[in-house]
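Here's the structure we're looking at; comments come further down.
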Amino acid sequence: MTTIGTPLRPNATKVMMLGSGELGKEVVIELQRLGVEVIAVDRYENAPAQQVAHRAYTISMLDGAALRALVEKEKPDFIVPEVEAIATATLVELEQEGYNVVPTAKATQLTMNREGIRRLAAEELGLKTSPYRFVDNLEDFKQAVAEIGIPCVVKPIMSSSGHGQSVIKSEDQIQQAWDYSQEGGRAGGGRVIVEGFIKFDYEITQLTVRHVNGTSFLAPIGHRQEDGDYRESWQPQAMSDLALKRAQETAERITTALGGRGIFGVELFVCGDEIIFNEVSPRPHDTGMVTMASQELSQFALHARAILGLPIPEIYQISPAASKAIVVEGKSNNMTFGNLDKVLEEIGTNIRLFGKGEVNGHRRLGVILARDENTEKALAKAERAYAKLAVQL
């Protein structure tokens with residue numbers, strides 16, 4: 001039987017979030033609704049999840065000693081990584097000492113870089129993937145591009161939100177792609193993956209939740225990427241029964257191999273009825289923000305339940321829905337969001353502003369959510385709302 005204590009009391013049920021971005025913020029809110037005491041950690045102060053947590057700490061989570069000291073100080077019941085840039089070797093040690101890492105330290109370690117998860121998927125599980133090479137230097141990079149062929153995709157093995165990712169469409173872009181990959185890695189320059197360019201009909205996120213009663217699947221989420229970063233998503237994505245069955249089978253195989261409890265974002269390419277594995281995140285997925293409009297229990301609420309060992313009897317979809325990321329470009333630490341009365345004037349429209357303190361370049365600062373009778377209308381509604389938003393830097 002699962003029990004939950006009282007926050008800020010000796011019997012509190014404590015969760016430590018490692019990473020405090022917009023996805024972590026929603027998880028913190030859901031955990032607090034269940035009476036959980038939450039500690040939010042990030043590498044910079046006043047990150048979104050830190051703004052709604054009971055306590056916040058700012059450290060380099062790649063510093064194993066600092067991470068261990070913080071865990072030993074707080075003694076959380078659950079450690080929940082929300083980003084890739086973490087000292088995963090320390091998490092493995094902490095798990096061996098009895099701490100509960102969500103979903104598992106192994107899952108966090110394997111998925112913190114693209115090499116670990118790609119080798120698990122392709123070489124151990126035999127899942128279909130794009131052709132790939134891993135390289136450490138410019139000379140090997142040029143050779144890998146020659147072997148894979150142009151066009152090809154280049155990504156740092158450790159990055160997120162499209163940072164350091166590019167598509168090589170001609171030979172004169174090889175040096176530029178290498179330089180960009182070295183600037184965009186979460187832990188600095190270094191190893192990259194060169195992937196063959198996949199021709200696909202569409203791509204989906206198959207959100208999969210492993211919980212106390214087994215494994216459940218959310219309706220597939222379609223999405224559009226730009227520069228390797230999510231811009232729009234919608235749920236459900238129309239697909240054949242066979243393709244959906246294969247997507248769920250692929251998702252179950254990879255999440256079973258990773259183990260533990262929680263939500264996983266399994267990224268897949270779909271070509272006809274064929275499924276090609278791309279990546280997996282052992283945490284809520286940015287494209288899954290649409291579930292805040294589409295489902296009775298969002299991906300964040302499902303993650304909170306799974307972490308705590310609470311039952312998930314059914315995943316119920318309220319309505320077709322869409323999301324559109326609010327991406328701002330410029331430089332400011334004093335942003336203002338205006339014209340909200342117009343943004344929210346249509347029924348079934350909502351907005352989430354993440355509370356990020358600054359932008360320097362381009363940054364996702366919020367998301368528009370919309371419901372309608374089908375995903376096409378929901379997406380059009382979200383785009384209309386987005387067009388009315390005025391962001392002043």
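Counting begins at 1 with the first residue displayed.
Heads up, the Cβ atoms here are built off N, Cα and C, so glycines get one too.
Going by what Swiss-Prot states, the N(1)-(5-phospho-beta-D-ribosyl)glycinamide site holds Glu22, Leu23, Glu82, Lys356, Arg363, Arg364, and the candidate of Asp172, Asp273, Asp286 recorded there is Asp286.
Glu267 (Mg(2+) binding site) is 7 Å away from Glu203 (ATP binding site) when you measure Cα to Cα.
Here Glu279 (Mg(2+) binding site) is positioned 16 angstrom away from Glu82 (N(1)-(5-phospho-beta-D-ribosyl)glycinamide binding site), judged by their C-alpha atoms. In terms of C-alpha distance, the listed binding-site residues Glu22, Leu23, Arg114, Arg363, Arg364 place Arg114 closest to Glu279 (Mg(2+) binding site).
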